[in-house]
Amino acid sequence: MSMDRMARRSVSLLLALALLAAAASADSWLYEKFTTEGNVRADYNAQGQQVTSLILTQQSGGAFSSRQKYLYGEFSIQMRLIPGNSAGTVTSFYLSSGDGPGHDEIDMEFMGNASGQPVVLNTNVWANGDGKKEHQFYLWFDPAADFHTYTIIWNDKNVIFKVDDLFVRCFKRYPDLAYPGGKPMSVHATLWDGSYWATQQGKVKVDWSAAPFAVSYRGYSADACVPDGDGRPLSCPAGTDRWMSRQLDAAEWGTVAWARQNYMHYNYCDDGWRFPQGFPAECSRN
């Protein structure tokens, strides 16, 4: 090979590496935006996207939590769940104001299952420490075969849950009922051993002979407002109205109805045994 060709190849290789490094730097969301705990690994794919893996062993799980707290916004991430027998495991993407007795929280939790069985998506909303508002859905695709996008839209009117391009739930705000609207929340992702409740109410435990278990995250996005101190207005990105005033239209309510009719596994508003004194007030208003 001539010196000229070798030089051109070297320049092309250096340029490709520089472009990949620039793309990786632009997508380095994990350590810039989150703290980590337990078994967490960060790599880059061929497109320069950072792919974060949470790993569960019998000794420890993994988690990452945002350094920033938010008050309203649109939060999304792409996830590829545990393949095969994931019974007993719980993977999550959620918002939380903390662990105190009056905390607020918005959950998307994925409850593992035995090989060949559908994974259950558990959505829940906590306000002032009151949860018990679960809607659970069997996923209509294999969430371990590829990445899928999971989104939480949170504003002062409603909390909306979205899977890929389909809206699956909308939790409305009512003036006389508790709603997660007064406490800033951090973004969290976890993978942990939920054997005591995750699969068939705890009947099926984690099969540790199949460990370690891994869940992959990529493409994290937080288009959200940030508290700017007591008594000050929120610091919000340009174009906030695209989610701050977001409510579902008729077609989007149609996808919610489709998910409920075809894939709902559990609805707290149908669980009379759990609420012997009467259902929560919002159940009769939705």
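Including glycine, each Cβ sits where the backbone N, Cα and C put it.
The annotation signal peptide is assigned in TrEMBL to 1-26.
On the 0 to 100 pLDDT scale, the domain 'GH16' (27-217) averages 95 in the predicted structure. Look at TrEMBL and you will find 27-217 tagged as domain 'GH16'.
Marked as active site, nucleophile by TrEMBL: E105. Long-range Cβ contacts of E105 (active site, nucleophile) within its own chain (separation 6+, distance under 8 Å): Y94, L95, S96, S97, N124, V125, W126, G131, P180, M185.
Non-local neighbourhood of E109 (active site, proton donor): V90, T91, S92, Y94, L121, N122, T123, N124, each in the same chain, at least six residues away, with C-beta under 8 Å from its C-beta. TrEMBL lists E109 with the feature active site, proton donor.
Sequence-distant neighbours of N113 (N-linked glycosylation site): residues of the same chain at least 6 apart with a C-beta under 8 Å from its C-beta are S86, A87, V119, V120, T199, V204. If you look up TrEMBL, you'll see N113 marked as N-linked glycosylation site.
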